[in-house]
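Going by TrEMBL, these are the annotated features:
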COMPBIAS  1-11  compositional bias 'Basic and acidic residues'
DOMAIN    62-446  domain 'Major facilitator superfamily (MFS) profile'
REGION    1-52  region 'Disordered'
TRANSMEM  70-90  transmembrane segment
TRANSMEM  102-121  transmembrane segment
TRANSMEM  128-147  transmembrane segment
TRANSMEM  153-177  transmembrane segment
TRANSMEM  189-209  transmembrane segment
TRANSMEM  221-241  transmembrane segment
TRANSMEM  262-279  transmembrane segment
TRANSMEM  299-316  transmembrane segment
TRANSMEM  328-348  transmembrane segment
TRANSMEM  354-379  transmembrane segment
TRANSMEM  391-412  transmembrane segment
TRANSMEM  418-439  transmembrane segment
Amino acid sequence: MIVTEKQQRDQDDTDDFAQEKVDDDQQFISSPGNKTPVGVTGAEAIPTQPKPDDVPDGGTLAWLQVAGSWLLFFNSWGIINTFGVYQTYYETIGYPNLSPDTIAWIGSTQSFLILLVGVIAGPLYDMGLFRALVVTGATCIVLGWMFTSLCTAYWQIMLSQAVLIGVGTGFLYIPSLALLPRYFSRKRALATGIVTSGSSLGGTLYPIIFQQLQPKIGFGWATRVIGFISLGTCLFAITVLRPRGGSTTRRSLLDLHAFTEIPYVFYCGAIMASYFGYFEPVFYIQSYALSHGVQHGTLALYLAAILNAASIPGRITPSYFAGRIGPVNTMLIFTTSCALVTFCWIAVHGAAGNVVFAVAWGFTSGGIISMPAVILASITTDMSRFGTRMGMSSVLNSIASLCGSPIAGAILKHTGSYLGVQLFSALALATTVGFLLCLRLCRSGWKFAVKT
């Protein structure tokens with residue numbers, strides 16, 4: 001075939017254009033803004049999962065999560081902290097024929113279930129089922145209050161107030177804390193402290209509401225009013241909460257590898273010991289005051305509210321120090337102070353002494369609730385397993401919560417003195433201090449002035 005000179009020039013121009021196109025494509029593919037390797041097609045280059053955004057550590061949406069989680073704590077641990085006023089009511093008016101340790105099983109079952117349910121709630125949260133957990137928990141709590149208002153027998157109260165409300169609070173507890181590390185990093189301790197203060201305000205307002213309304217409208221309607229408050233606050237929380245970074249991957253209920261990590265073992269030991277000693281002052285402060293010179297119908301009935309009100313700054317203040325000296329150091333300081341205050345409870349008599357104890361114990365105990373989640377986040381390298389590990393530790397804590405108050409009640413029943421109750425609580429908190437010292441030693445060695 002004879003090719004003219006013009007045709008040859010056209011062919012050369014076409015080849016040059018094609019080569020330039022290839023060169024441009026290769027330059028684009030290998031450019032800093034495009035990490036696709038040469039030879040990979042566009043379809044193959046699309047990632048199956050987008051890279052998660054950086055933690056915002058603030059902003060309107062992030063602080064709305066704090067507000068919503070605060071309301072979840074208001075209706076989870078806030079309800080647990082409310083039982084002291086019900087303990088006194090059941091002992092003196094509702095069921096005076098029942099022993100204190102029998103009545104204490106109601107509150108201890110609540111605290112047992114809020115932690116035990118965590119072993120289910122944690123993995124479900126990691127799988128992205130946040131909203132299902134919160135809706136289920138809120139429904140159980142509201143129904144539990146309504147059923148409790150209709151109860152006329154001890155077994156009915158155990159099913160409604162202890163079991164149904166306890167399960168509901170368990171579904172709210174883990175999600176309210178596990179949500180925060182995905183929105184906060186540097187301000188995580190502050191956000192956690194604010195959220196956990198919700199339980200303090202719940203434990204302050206709910207007892208006052210019950211104490212004021214019960215003589216006027218009766219036990220049933222006083223309890224139903226609390227149920228309606230729970231309904232409204234939970235609905236607002238469900239509306240504003242927006243989980244981020246969830247996964248649909250199936251998770252095991254257990255991450256047994258965690259127990260090969262020494263810091264996690266000491267963490268679990270510390271938190272478990274703290275729950276053995278935490279609830280005795282919360283549940284027994286009012287009945288102790290009544291038995292030591294503070295008259296019924298006066299200040300004694302508001303001591304639980306005073307204790308919980310004092311714990312509001314007690315939850316937030318540790319968060320301030322945690323950002324400067326570390327969460328382990330912060331919880332160590334506050335728990336040591338709380339143990340010392342609990343030992344001082346032995347010498348408390350009269351109205352003034354009980355008020356001072358309620359304020360001091362409420363403030364120093366704040367770190368026991370606000371710091372564990374921050375500590376766990378600091379020792380967890382894979383945050384996708386945070387909920388699972390928190391749920392695992394909650395199982396151990398639930399055992400302590402279930403047994404602690406009834407053991408104290410049995411001591412009170414057999415000795416007729418609150419001395420055994422006070423020593424039991426104080427020694428459990430002292431044991432917590434020992435585990436925290438081991439955790440600090442494991443992470444920082446013998447260095448004193450180190451943030452951990």
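Placed from the backbone N, Cα and C atoms, the Cβ positions cover glycine too.
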For the transmembrane segment (189-209), the distant same-chain contacts (Cβ-Cβ under 8 Å, at least six residues beyond its ends) come to 62, 66, 69-82, 84-85, 176-177, 180, 183, 222, 225-226, 229, 282, 302, 304-305, 307-309, 311-312, 314-320, 322-323, 327, 362, 366, 369-370, 373-374
Which residues of the chain, 6 or more past the ends of the transmembrane segment (102-121), have a CB below 8 A from one of its CBs?
76-77, 79-80, 83-84, 86-87, 90-91, 95, 133, 154, 157-158, 161-163, 165-167, 169-171, 173-175, 253, 275, 279, 283, 387, 390-395, 397-399, 401-406, 408-409
Looking at the transmembrane segment (128-147) and the transmembrane segment (354-379), are there 3+ C-beta pairs under 8 A, with each pair at least 6 apart in sequence?
no
Between the stretches 70-90, 153-177, 299-316, 328-348, 418-439, which wins on the count of C-beta pairs under 8 angstroms to the transmembrane segment (221-241)?
70-90
Restricting to the same chain and to residues at least six past its boundaries, which positions have a Cβ under 8 Å from a Cβ of the transmembrane segment (418-439)?
263, 266-267, 269-271, 273-274, 276-278, 280-281, 284, 288, 291, 328, 331-332, 335-336, 338-339, 342-343, 345-346, 368, 375, 404, 407-409, 411-412
For the transmembrane segment (262-279), find every same-chain residue at least 6 residues outside the stretch whose CB is under 8 Å from a CB in it, and list them.
107-108, 111, 115, 331, 335, 339, 342, 365, 368, 372, 375-376, 379, 389, 392-393, 396-397, 399-401, 403-405, 424-429, 431-432, 434-436, 438-439, 442-443
Hey, does the transmembrane segment (391-412) touch the transmembrane segment (299-316), meaning at least 3 C-beta pairs closer than 8 angstroms, sequence gap 6 or more?
no
For the transmembrane segment (354-379), could you work out the same-chain residues 6 or more beyond its ends whose Cβ comes under 8 Å from its Cβ atoms?
77, 177, 180-181, 188-189, 192-193, 196-197, 199-200, 261, 263-264, 267, 271, 274, 278, 281, 285, 288-289, 292, 294, 299-300, 303-304, 306-319, 322, 326-328, 330-331, 333-335, 337-338, 341-342, 344-345, 348, 386, 389-390, 393, 432, 439, 443
Summarise the model confidence on the domain 'Major facilitator superfamily (MFS) profile' (62-446) as a single mean pLDDT, whole number.
87
